[in-house]
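Marked as domain 'Era-type G' by Swiss-Prot on the basis of sequence analysis: 7-174. Feature annotation from Swiss-Prot assigns region 'G1' to 15-22. Sequence annotations record features per position, and here Swiss-Prot assigns GTP binding site to 15-22, 62-66, 123-126. If you look up Swiss-Prot, you'll see 41-45 marked as region 'G2'. The annotation region 'G3' is assigned in Swiss-Prot to 62-65 on the grounds of sequence analysis. What Swiss-Prot records for 123-126 is region 'G4', and it gives sequence analysis as the kind of evidence. Feature annotation from Swiss-Prot assigns domain 'KH type-2' to 205-281; the stated evidence is sequence analysis.
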Amino acid sequence: MSASGYKAGYISIVGRPNVGKSTLLNHLIKQKISITSRKAQTTRHRIHGILTDVQSQFIFVDTPGFQMRHRSQLNQVMNRVVLQSMQDVDVILFVLEAGRFGREDEQVLEQLPRNLPVILVINKIDLLPDKLQLLPFMQKMADLFDFADIVPVSALQNRQLSDLTEVIRHYLPENPPVFTEDEITDRSERFLAAELLREKVFRQIGEEVPYSVSVIIEQFAVEGNLRRIHACILVERENQKAIIIGKQGKKLKDMATQARKDMEVLFDGKVYLEIWVKVKSGWADDAIALKSMGYE
């Protein structure tokens, strides 16, 4: 690709938990690389998703949901990731849920830089009970911050995402591409395997357990078209271990099957997956343990 007139830049996606940031990223790049669930704090790491076309390269930075309710070391690390992600980028997407602007959204708004183009993305417009509420909500938000642009979308239904892409393109600087055309993320297959398994835990288990769960890939071997993966699901208490395993191991088996299928689609090959569940008390408040697990 010629660098002449070509645009490339980093776009940080920020917002409170559960506004649909990861779903937005996955649909923008047309590939699932960031895990999703209805539970807060599903995303824990900064993940780059890359969309490349003949005119531009969009390097999206998905981030954890910013929130101040929990004070664990893990939550502090995730909030720090969000704040760092708003530095050294070219554009920021501030994602809100249509018709909803609460204290947690306000806390994110207070962190937004004034020296960068910030695009307000109003997501989940399909869930707005009265569509006439949208324009007043957009005006309300425009009065609170000098947004470069405001774009209403439905990430889940792929509505107006092409419009959003064109708005972002306008604000990207002229640069040669950073990544090759076929790269869709900066994360390794090992990392993505851990995330896909953690997603299944979040989706299958009740409200409390997921926040005490982490996934560690202990072995990742590539043998031709086969990937052999040994994974450990880490929890904080014995009763959580029992919940994840389930009666006669059924829950764990179901999670393993679903994760393996997703991995085979993403990696375009066969996957042999073995999973263990281990207890490590207090890991979410252990700075050394968090660092060893790859938390920034």
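Just so you know, glycine gets a Cβ as well, placed from its N, Cα and C.
Residues 19-20, 24, 95-98, 134, 152-157, 159-160 of the same chain lie 6 or more positions beyond the ends of the region 'G4' (123-126) yet place their CB under 8 Å from a CB of it. There are 27 other CB atoms within 10 A of the CB of Lys21 (GTP binding site), with all protein chains counted. The Cβ neighbour count for Gly15 (GTP binding site), using a 10 Å radius and every protein chain shown, is 24. When each of the binding-site residues Asn18, Thr63 is scored by how many other Cβ atoms sit within 10 Å of its Cβ, Asn18 comes out lowest.
The Cβ of Ile125 (GTP binding site) lies under 8 Å from the Cβ of Ala98, Lys131, Leu134, Pro152, Val153, Ser154, Arg159, Gln160, each of which sits 6+ residues away along the same chain.
Break the domain 'KH type-2' (205-281) down by DSSP state and the numbers are 33 helix, 30 strand, 14 coil. According to DSSP, Ile125 (GTP binding site) is assigned to a helical segment. With DSSP states grouped into helix (H, G, I), strand (E, B) and coil, the region 'G1' (15-22) comes out at 2 helix, 0 strand, 6 coil.
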